[in-house]
Structure formats: structure tokens, C-alpha cells
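Now, the feature entries from TrEMBL:
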- Asp66, Val69, Gly71, Asp73, Ser75, Glu87: Ca(2+) 1 binding site (BINDING)
- Thr192, Asp244, Asp252: Ca(2+) 2 binding site (BINDING)
- Cys34-Cys113: disulfide bond (DISULFID)
- Cys67-Cys72: disulfide bond (DISULFID)
- Cys119-Cys320: disulfide bond (DISULFID)
- Cys198-Cys231: disulfide bond (DISULFID)
- 1-23: signal peptide (SIGNAL)
- Arg61: site 'Transition state stabilizer' (SITE)
Amino acid sequence: MGSQSYLKALIICLIAVIGSTEAQLQLGFYAKSCPNAEKIILKYVAEHIRNVPSLAAALIRLHFHDCFVNGCDGSVLLNSTPNNQAEKDSLPNLTLRGFGFIDAIKSLVEAECPGVVSCADILALTARDSVHAIGGPFWNVPTGRRDGFISRAADPLVSLPAPFHNLTVQLTLFGNVGLDANDLVLLSGAHTIGVAHCSSISTRLYNFTGIGDTDPTLDSNYATNLKSLKCKNINDNTKLVEMDPGSRDTFDLSYYKQVVKRRGLFHSDAALLSSSTTRSIITKQLQSTEGFFAEFAKSIEKMGRINLKLGTEGEIRKHCARVNN
């Protein structure tokens, strides 16, 4: 009787070990279950990003906002319901774009392999392929993520790094998801592409300490240009400004060059100069584009592993904007 109990326990342990081994993120996760999935995604990206290169910035931002809130589980893609306000309707996410792009890719993948490829994986792969399509770095995207059920508007408010955060807050939020100072500087390098709304820098320009002043860490000439040519008053919530002037669609070292000149658009960019540690990481990136690309690839792959749902956790959504049930 005792030997039978021991045997049963051993079998249960073996099943658990096998299950945990199978439930791992891995390159080519869909090689057998949906062998054309990554080709479908790449083809769609290649056909469309060349016409709208600004989408690359939108898609990598979408990936970032997904991973920092409840992990990389596609929760940022879910629509609100009558009983729940979702992440995409949270204040920090109101300017996110690219949802329709992800939905279009999902429909193509579903037509090929129904119920197999997660929205979380599609987002991760699309972000990589779109950045690479505009000449940016390539990085490995292991797959096998599952889609989450939970998406709450309150969560981004406490989990997402914001343009007005100082270095201490940024390091804390990055640390909360297993990332460090090096990852902070490298992932901030994605600000080399894309635009921001004036609302994200209005306080920095017009009322930094509450007395109608400008952030003193911002180059005064750059501040004057922003106020006279771009964000002409504190209430401008619609106008767009390049995060990396003159290089908005080119993934390069220009962002770091702007930061060291005190011309980083956000206060969070300027904060990278407030520590010798982060300053030295910036200096290292400026040594070569190839080095920056290689380091960026490591950090964003690391980000893509935040708090994953694997194996039997979560689900594979049929439509990225809503859970299956």
C-alpha cells in the first residue's frame, strides 16, 4: 500500500515537472501548431510599416505599456465593458495607437490557425518586426505567452513610468518588474522614434514648481523654441511634438545626443543625467550604434518576459479586444 502511494506521488511529481518544462517561453513555440504565424506577422508589418513608419513607435509603446501592467499578457488590448473600465481607457493610455493594426494581424493569424496564437505574442512580435522594418535593432522574441483576463484602468496609474517621473520613481517602477538601471536607460532609447502630445510636457514648460516656471534642467533655448513653435500654452492638449527632433522615424543614437545636451523632451529623460550610473550608461551607448542595438535587444527581450502567463494560465483570445467568454 505504501509503495503504491509512493508511486502515485512520484507520477504526480513527474507530471508537474513535465508540465512546467513545457510551459516555458521559447523561440519557435508555434513551429508545429502554427508554423506560418511569424511569417504572416512579418509580411503584414513589412507591407504596411513602410507606408506609415510612425506606427513602429506606437507599437513598441503598446508593447511596453502592456508588459509593465500585469505582465506581457495582452491586457492593454482589451476593451472596456459596462462593468469594467479597461487599461486602454486609463489616462496614461489614452494616446496609445496601433490597436487596429494588431486586430488586423490577429484576424489573419486566426484564419490560418484558429485559437492557437496569443494576442500577447502577436503584440511582442509585431513590435519587434515594426522597429526592425524602419532600420532599428532586431531582437529575439521567444513565444508561448498566454492572454490575460484582467484589465483595469486603475493599474497603469500605479505601474507605468510617466514623463514627469524623477529617476528614483523610475528605478522603483522598473525594479518592481525585475528591470534595472541599465534596462531603464536602454528602453528609454526607444524615445528616438515617435511623437508626444504637448500635454505630456506642459507642466515642465509652463508651471514646473507651481509658480509659472520652466524646468531648469531643460536647455533654455530648446524650451523657448518649444513654447514659441510647438506647445504655445499650458492648455494645448492636442499638438504633437517630436521626441527626437529631426529623427522621429529613425532608430538611432540621436535621442541620447539630445539628452546629454539637456534637450530630452520629458523630465524623465532629463532625470537620466541625475545619476553617475545612468550617465555612464548613456555614454557607453553613444560609442556605437551597433553596441546600442545589441544592448537594447537584451533589455527589450528581458522586458518581454515580465510576469508571463504560460501553460494553462490565461487563454488564447479569439479577438484581442475581448476575452473569449
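Backbone N, Cα and C define each Cβ position, glycine as well.
Structure with TrEMBL features highlighted.
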residue: Cys34; record: disulfide bond; Cβ within 10 Å: 19
residue: Arg61; record: site 'Transition state stabilizer'; Cβ within 10 Å: 21
residue: Cys67; record: disulfide bond; Cβ within 10 Å: 29
residue: Val69; record: Ca(2+) 1 binding site; Cβ within 10 Å: 29
residue: Gly71; record: Ca(2+) 1 binding site; Cβ within 10 Å: 20
residue: Cys72; record: disulfide bond; Cβ within 10 Å: 29
residue: Glu87; record: Ca(2+) 1 binding site; Cβ within 10 Å: 27
residue: Cys113; record: disulfide bond; Cβ within 10 Å: 16
residue: Cys119; record: disulfide bond; Cβ within 10 Å: 30
residue: Asp252; record: Ca(2+) 2 binding site; Cβ within 10 Å: 17
Euclidean distance between Cα atoms of Asp73 (Ca(2+) 1 binding site) and Cys67 (disulfide bond), Å: 7
Asp244 (Ca(2+) 2 binding site) versus Gly71 (Ca(2+) 1 binding site) - Cα distance in angstrom: 28
Candidate recorded positions Asp66, Asp73, Cys119, Asp244, Cys320, pick with smallest Cα gap to Cys231 (disulfide bond): Asp244
Cα proximity to Cys198 (disulfide bond), best match among binding-site residues Asp73, Ser75, Asp244, Asp252: Asp244
Protein Cβ atoms within 10 Å of Ser75 (Ca(2+) 1 binding site), excluding its own: 28
Pairwise Cα distance for Asp73 (Ca(2+) 1 binding site)/Cys320 (disulfide bond) [Å, integer]: 11
Cys34, Arg61, Cys113, Cys119, Asp252, Cys320 filtered to the recorded positions whose C-alpha is within 10 Å of Ser75 (Ca(2+) 1 binding site): Cys119, Cys320
Cα-proximity to Asp66 (Ca(2+) 1 binding site), 10 Å cut-off, over recorded positions Cys34, Cys72, Cys113, Asp252, Cys320: Cys72
